[in-house]
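Quick notes on the structure that follows.
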Amino acid sequence: MNGTEGPMFYVPMSNATGVVKSPYDYPQYYLVAPWAYGCLAAYMFFLIITGFPINFLTLYVTIEHKKLRTPLNYILLNLAISDLFMVFGGFTTTMYTSLHGYFVFGRIGCNLEGFFATLGGEMGLWSLVVLAFERWMVVCKPVSNFRFGENHAIMGVVFTWFMACTCAVPPLVGWSRYIPEGMQCSCGVDYYTRAPGYNNESFVIYMFLVHFIIPLIVIFFCYGRLVCTVKDAAAQQQESETTQRAEREVTRMVVIMVIGFLICWIPYASVAWYIFTHQGSEFGPVFMTVPAFFAKSAAVYNPCIYICMNKQFRHCMITTLCCGKNPFEEEEGASTTASKTEASSVSSSSVSPA
């Protein structure tokens, strides 16, 4: 084996020389140089100082502006809450442990950090799935006479919490486990070992199918149908420049949303699956660390894609930050007017990130 398995940990380095020590008790500078841990701590600090303000501002602005408290925006508030879970439950812990070079909070701390980081990440993932599904229902109208209301929005939010818990809770109760991963400064699900009694194999397969493949299929289907619906509406009004402009705007938004999802989850899922199917093979600590923080960075760029790109949210944020005035109001108003369709029931505002 090209790694060292101990009680409740797995270090991706052979202990032939006897240098490997528990990541709960000793600095892991034999894995990578101390400066790499400093870089990791700096990256976590960057995610904290950018992720917290934008997600907190999203919640604050929604409370301040009644027009934002619509059912279609509930899922965006849930997305902001999930990102704050990651900021406080994952980023702050990882920054502190990185400064020490090992997971200083011990086994209980590893369980807590792994749980909150996984819960926040999964809430964000399923929020994107529900967001895509809601837009598909509203725009494509697969169910005739369907009217999206507050009860539907609440059901969507509850669903994201339920699905997140079905991923984050099992490792706490014996189906798989949380252990330090990568550079041993953050904790995640055990993809690395076949530890007796934890059924890691079945849990990893469950996670890959239910919490990656299914969300991927739903998002591609919903946004694919949405783009087709908008294109059909635009084709019926070829003489309308505003309709064509709205179609291009919607298509651009959908492409950005899908690319953001893929950047977030493809690297992590691919590397985790590779490690799971090649247990015992040689791989460095950075191999798992980098994809994990691709997923963590979603707490910063998800709000930029799904909230700041939305004209209504953006306008309210600017007026809140500028003491009730929007210095760009004329530009925002002109852009909003130009993006409306003339006679189509499908508009860019109904399929935009918010």
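Glycine is treated like the rest: Cβ placed from N, Cα and C.
From a predicted model like this one, the values you see are computed outputs, not experimental measurements.
Between Cys110 and the candidates Cys185, Cys187, Cys222, Swiss-Prot records a disulfide bond only with Cys187. Topology check against Swiss-Prot: Ser98 and Pro285 carry an identical topological domain name and occupy the same side of the membrane. On the backbone, the CA of Cys323 (S-palmitoyl cysteine) and the CA of Cys187 (disulfide bond) stand 41 Å apart. Residues 3, 5, 8-12, 23-24, 28, 31-32, 36-37, 40, 90, 93-94, 97-98, 101-103, 110-111, 113-115, 117-118, 272, 275-276, 279, 285-289, 292 of the same chain lie 6 or more positions beyond the ends of the topological domain 'Extracellular' (174-202) yet place their CB under 8 Å from a CB of it.
The two recorded residues Cys110 (disulfide bond) and Cys322 (S-palmitoyl cysteine) have their Cα atoms spaced 41 Å from each other. Note: the CA-CA distance between Cys187 (disulfide bond) and Asn15 (N-linked glycosylation site) rounds to 21 Å. Here the topological domain 'Extracellular' (1-36) has, by DSSP, the following mix of helix, strand and coil residues: 3 helix, 6 strand, 27 coil. If you take every residue in the topological domain 'Cytoplasmic' (309-354) and average the pLDDT, you get 61.
In the three-state DSSP reading, Cys110 (disulfide bond) counts as helix.
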